Amino acid sequence: MAENRTRAGHVLVWEQADMATDEGIRPAKRFGSRHYIVFMLFLGMANAYVMRTNMSVAIVAMVNQTAIEKEAELLDDECPDTDYGEDSGSDPDDDGEFVWSTSMQGYILSSFFYGYVITQIPFGLLAKRYGAMRFLGWGMLINSVFAFVVPVAARNGGAGWLIAVRFIQGLGEGPIVPCTHAMLAKWIPPNERSRVGSIVYSGAQFGTVISMPLSGLLADHGFDGGWPSIFYVFGIIGTVWSVAFLLTCHEDPVSHPSIREDEKKYIQQSLWGNASVHIPPIPWTSIAKSLPFYAILLAHLGQNYGYETLMTELPTYMKQVLRFSIKTNGVLSALPYLAMWLFSIVVGWVADWMLTSGRVNHTWTRKISNSIGQYGPAIALIVASYTGCSRALTVAILTIGVGLNGGIYAGFKINHLDLTPRYAGVLMAFTNCSANLAGLLAPIAAGNIIEGKPTIAQWRIVFVIAACVYIFTATFYNIFASGQRQPWDNPENDEPQKPSIEAPAYAPSTIAGQASNGTTASDTLTHRTVNEQQS
């Protein structure tokens, strides 16, 4: 089952998971170029989610809640006023400057995702053709620069202009997930995928953890009226990261000018699918018939609907039902995502240990991780919807539930790379686009359900719907998911490449030539031995 390719003095083979664990080719255990790429992608994911979530906290400070409550809210008398604490209620003097209904707030919160989903598939395809790094960097730069425009648009143009600016920010953030996935496919060996994928994508939770409490503090004590400082501060941070990423990161190990040779060899020998290997046209028909692909798609749909319900609506729930102050609101809203960030990293390491130990195969590792990641928050949402006025218990349950959600990163989230390393970025573009279409419905649905009656009973409907979506999609994933590379991505089925002018890979002259070019004959013979064992 092996395919030989001669390129740059190396013999590249298909299915090299065993080679990746061979200590003879592993580079010295130190911070390498791939680790720097992982670090920057982590920060990029964090920046992306900061830009996505800061509006959830800011809108609480932007809106005149007192005017809306007097006009539309039905008072919920299930909880006595004393349960909320003496200073947890809203001070009318602290109310925002905009009178937007709950449903209008839902449209403002979801406008970002309209732009975000439009660019998913185009950038996934462009990244395959032209590379992912620059699309990611320039997209995030656009996103960051337009953050400075948010306060101006809201104050001078109202909700309509604000929606337009958030839409443009979403367009800029579109490349973040498909391009990140495409870069991981080029930089990360198979035996490091679970933990590296968990680390990179846990940047989403890290960004949320930073964004929510800091946004709450800026809304209370920031400049220019408080809430505008949220967008100015994070706009500066995002701009600095974008420029640094464009100047210091590289598309793949081959194009990196200063990567150590042992690290480059390790990555190339672990991955056939680097930029130097020919990638044939995308097998659209086979992908369209692939049940494992649909398992990822459904799991991604369920994840985004549930996650966006919590991410965009949790600050509002904290204020309307649990009556937390805006500062406390931001801190407590971030607690579940802090738990998710930490748990996702732990699950990633455990998943890679399960794989390298040989105790569990890829398919069951993905299913076990994903079950924890989706059934956990589903149960928590259902339980939290019945905790009533117990603020501490509600926050604790939501923190545990969202924390368990971190299992998805070692589950469906990295599963694209198992099915098809060569087309992982394209598949991620399709699943992420579809998932965010479901995700943008979440704040709209919640806004309309609680419109005029933000009671515990109405919020229970919001939570139970999200829980049911989690359960259905996770069950579908467990039935049809696979961790095996799919037949339609078998390099042996590719059309033969034009023969190299050099001698064949096994010829003595080639071995001698490799030795003269910096690759020793013993290295090449070692590669041949592993290759023959896999055959």
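Glycine too: its Cβ is placed from the backbone N, Cα and C atoms.
The range from 287-307, 392-412 that TrEMBL describes as transmembrane segment is residues 392-412. When Cβ distances are compared across the two stretches, the transmembrane segment (104-123) makes contact with the transmembrane segment (424-445), since 3 or more pairs at least 6 residues apart fall below 8 angstroms. Counting residues 6+ beyond its ends, the transmembrane segment (230-248) has Cβ neighbours under 8 Å at 36, 40, 43-44, 47, 50-51, 54, 57-58, 133-134, 136-138, 140-141, 143-145, 147-148, 150-151, 211, 214-215, 218-219, 222-224 in the same chain.
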